[in-house]
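Here is the structure we will look at.
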Amino acid sequence: MAYNLLKGKRGIISGALDENSIAWKTALKCHEEGAQFVLTNAPVAMRMGKINELAEQCGAQVIPADATSLEDLENLFTKSQEILGGKLDFVLHSIGMSPNVRKGKHYTDLNYDWYLKSIDISALSFHKMLQTADKLDAMNEWGSIVALSYIAAQRTFPDYSDMAQAKAVLESIARSYGYFFAKKNKVRVNTISQSPTKTTAGTGVGGFDVFFDYADKMSPLGNASAEDCANYITVMFSDFTRMVTMQNLMHDGGFSSSGITDELVQELSRGK
Ligand SMILES: NC(=O)c1ccc[n+]([C@@H]2O[C@H](COP(=O)([O-])OP(=O)(O)OC[C@H]3O[C@@H](n4cnc5c(N)ncnc54)[C@H](O)[C@@H]3O)[C@@H](O)[C@H]2O)c1
């Protein structure tokens with residue numbers, strides 16, 4: 001059921017690679033709720049061509065942008081305003097990639113050039129987006145900017161490797177830039193810390209299936225799905241969350257507040 005939560009709002013949604021992407025589900029939900037937006041992804045991701053299917057479904061245009069390139073981001077924010085006919089009300093940063101994770105480099109044997117790339121793509125790109133939007137004065141008052149994080153920013157998950165630092169930086173950027181954007185024109189900036197989700201980025205982390213099942217059993221509500229995340233992001237883009245800013249919002253079915261659950265006790269008791 002649609003509620004017209006985003007009627008008349010304009011935005012940018014990054015990171016829709018395929019149907020499993022959190023950004024893909026978010027685009028469908030924002031469309032259903034009446035928003036108009038531009039889709040963006042890295043030029044290399046365009047080669048898959050999938051994003052055009054989504055663009056068609058949402059009546060959206062696609063602007064390629066490598067989120068680490070200030071030039072690409074300037075073009076993205078400038079053209080998006082031209083296409084949509086005004087300033088923006090929301091932006092989704094749904095971008096993450098670690099060459100160390102992708103190439104199976106252990107955390108105790110990291111390649112430092114790749115480490116810098118992980119931080120640049122997965123965290124600094126968020127600052128670059130915020131600073132570009134700010135300098136171009138591209139955001140409407142009471143706009144909302146969201147990036148996606150993971151609880152490895154606070155607790156160690158060995159296979160998450162250098163992405164843990166990237167997420168810690170990402171969350172810190174939301175707090176720091178959130179201050180300046182709130183003062184400038186009441187724009188709010190938050191991160192949503194999402195449950196493990198079966199996407200290309202998610203399943204790239206070693207032992208993902210076990211990780212996923214463990215989190216599911218450790219969360220009283222179970223893991224939050226990509227659709228659930230899309231719903232939450234939509235509410236964060238709506239006028240119902242105008243006073244929420246500079247937060248890392250846990251969207252994890254209760255995982256982060258749980259010590260142990262009956263399901264895990266049963267699992268660990270087996271054979272004892
Ligand atoms: N899947 C999970 O378990 C999970 C859990 C918590 C948080 N997250 C976060 O959610 C976000 C979205 O990931 P997802 O799970 O939907 O996976 P995904 O693989 O579908 O999306 C990641 C996106 O990042 C894009 N990207 C990579 N490098 C880029 C660059 N240089 N410029 C622009 N875009 C670039 C990819 O093309 C892709 O579309 C990421 O920040 C991820 O870390 C995912």
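From the backbone N, Cα and C atoms, a Cβ is placed for every residue, glycine too.
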Matching residue for the NAD(+) site, where TrEMBL names GLY15, SER21, ILE22, LYS167 - out of ILE95, ILE260: ILE95
Spatial separation of TYR150 (active site, proton acceptor) from ILE95 (NAD(+) binding site) - C-alpha basis, Å: 12
Rounded to the nearest Å - Cα separation of SER21 (NAD(+) binding site) and TYR150 (active site, proton acceptor): 15
Nonlocal residues around TYR150 (active site, proton acceptor), in sequence order (Cβ under 8 Å, 6 or more apart): TYR160, MET163, LYS167, SER193, GLN194, PRO196
Entries of ILE22, TYR160, LYS167 (recorded positions) sitting next to ligand 1, with Cβ under 6 Å as the cut-off: ILE22
Site with most surrounding Cβ atoms, counting all protein chains shown within 10 Å, from the recorded positions TYR160, LYS167: LYS167
